[in-house]
Amino acid sequence: MKKVSILTLIFISAILASCTGNNDKEIAHSKLATTADGKDIGSAKFFLLGDGKIKMDLEISYPERADSTVAVHFHEHGDCGNMGENTHGHWNPTKEAHGKWGSAAYHSGDIGNIQLDAKGHGTITVTTDRWSVQKNDMKNIIGRGIIVHGGTDDYTTQPTGNSGPRVGCGVIVKN
Ligand SMILES: [Cu+2]
Ligand SMILES: [Zn+2]
């Protein structure tokens, strides 16, 4: 019996070690909520990587939107009031056209479309040098809004991608 417990402890320690085995530092986050009634629909976490890039892990849990696509963008202002309209337009520090992430031209917060499964769950990870958390840096993402749209980004229509209503919203906050 004692042998089993010790083995179990060793096993649990190994699992814990592997879970915390990365050195990425979480530097910012955002809680996403519905614009209509403030219901929690997910979150974004931002990590500073060893090479200076920032990685975002964004997760959506939105049963009402199961089996659909939602478009996600960073918008200019971190104010989710007025059904998300107070975030204004897409954050666009590089003065480019709206487009698909990684294409020839796109806004620095054009995350794009996320497919939600039968439970309304979906994730996306973006790693980039287009973001920072430095004050007075035009790449600073702190205080920007994240908008979840009820439609699909066509990656073409300017300057919005014709992404539909603003169904979810969050503000990027420094940790
Ligand atoms: Cu948007
Ligand atoms: Zn855009």
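For all residues, glycine too, the Cβ spot is worked out from N, Cα and C.
A TrEMBL annotation is a machine prediction, not a hand-curated record.
Quick look at what TrEMBL annotates:
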- 44-172: domain 'Superoxide dismutase copper/zinc binding' (DOMAIN)
- 1-17: signal peptide (SIGNAL)
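The average pLDDT computed over the domain 'Superoxide dismutase copper/zinc binding' (44-172) stands at 98. Remark: secondary structure over the domain 'Superoxide dismutase copper/zinc binding' (44-172) totals 6 helix, 46 strand, 77 coil, with classes taken from DSSP.
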